[in-house]
């Protein structure tokens, strides 16, 4: 059976990896919609190669170029403020949610409301919408399959039929590029150093989040919602080899681990083909070639972001939105050379301290809280 598929954020790292999988399995998938921010050349090239029905981007000034690139094809062009949501609303068997950051929230919700099953790579949308997203998924009979390697791993080994058997979830983290860097040198690291992840090939935003471990904070919150487990029962552990992608410990003393090489195409392939597994030509794990597997407790002095997570979740959804918005601003400012690496988590903490917690009841209220956090975080990065 051929599955219909849309990719929200097809020109990013996850989007490109998804299309790499599709290229191997063209007989199993039909592309409906591809969306992008402003990489119109790549977007149109992808649409032509994979015979997409629709492309979508918000910047209307790019429309003439898209028309030119797609001349002679039957591909529809959606552009303007609501274009991504409109494209996401096209019914598919599964939609890959791969837009980076809060920008992915409305398109992802659009796909859910259209009844599309979601392969979720955009963790920020779940962190900021929480039960609002899960309730919409339940209402529309939508399955959410996580794509992040850690959550995809847990999804494969978690006993959903008997969640009371679960003692804790252990989220692994590589430790990023600064695991062995002395604490007193963190304030002087460069952008290129922070982007140089030792294991994973990722986009710039998630690479910086990995370096600060803010990515793990977001992942802990994502796991809290996906697996409906107390936040205190979700613990991070440093695993530099990135072979064990996460573990689930059970009340009888058993711990199950999911393992594989560090290649995002593996969890992507799982999510696209779920609930079945298909053979592919991706490299397989060879345990005889692995000298050791190392596990370390995170250094909270080096990774202060990890100290935020429990309190943020207890404060509620509003605090999660504030934290995420401030982090996106701080990461952007660091990537533009405006602040130091060590300022990122400080800006997040100061923004959290500024606002009282508001718990939104709809997407519009989520976006209002997000905007307030961004305005304040931007202000303090300039002072």
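Here the Cβ of each residue, glycine as well, is placed from N, Cα and C on the backbone.
In TrEMBL, annotation is done automatically, which means it is predicted and not curated.
Marked as domain '1-deoxy-D-xylulose 5-phosphate reductoisomerase N-terminal' by TrEMBL: 5-130.
Per TrEMBL, the feature NADPH binding site maps to 11, 12, 14, 39, 122, 124, 203. The Cβ of residue 122 (NADPH binding site) lies under 8 Å from the Cβ of 8, 9, 97, 98, 99, 100, 101, 104, 105, 108, each of these being in the same chain and 6 or more residues away along the sequence.
Residue 197 (1-deoxy-D-xylulose 5-phosphate binding site) counts 18 other C-beta atoms within 10 Å of its own C-beta, drawing on all protein chains shown. According to TrEMBL, the 1-deoxy-D-xylulose 5-phosphate binding site annotation covers 123, 149, 150, 174, 197, 210, 215, 216, 219.
Taken together, the residues of the domain '1-deoxy-D-xylulose 5-phosphate reductoisomerase C-terminal' (144-227) have an average pLDDT of 94. Per TrEMBL, domain '1-deoxy-D-xylulose 5-phosphate reductoisomerase C-terminal' is recorded for 144-227.
Just so you know, the Cβ of residue 150 (1-deoxy-D-xylulose 5-phosphate binding site) picks up 27 other Cβ atoms within 10 Å once every protein chain is counted. Per TrEMBL, Mn(2+) binding site is recorded for 148, 150, 219.
What TrEMBL records for 259-374 is domain 'DXP reductoisomerase C-terminal'.
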Using the alpha carbons only, what distance in Å do you get between residue 124 (NADPH binding site) and residue 197 (1-deoxy-D-xylulose 5-phosphate binding site) once rounded?
20
Cβ within 8 Å of the mean position of the Cβ atoms of 148, 150, 219: remaining residues of the chain near Mn(2+):
123, 146, 149, 151, 152, 171, 215, 216, 222, 223, 246
Which ones in the same chain are close to residue 148 (Mn(2+) binding site), with CB under 8 Å and 6+ residues apart in sequence?
120, 121, 123, 219, 222, 267
Recorded 1-deoxy-D-xylulose 5-phosphate binding residues, 123, 149, 150, 174, 197, 210, 215, 216, 219 - maximal Cα separation rounded to whole Å:
19
For the domain '1-deoxy-D-xylulose 5-phosphate reductoisomerase N-terminal' (5-130), what are the DSSP-based totals of helix, strand and coil residues?
58 helix, 27 strand, 41 coil
Of these binding-site residues, 11, 39, 215, which scores lowest on Cβ atoms within 10 Å?
39
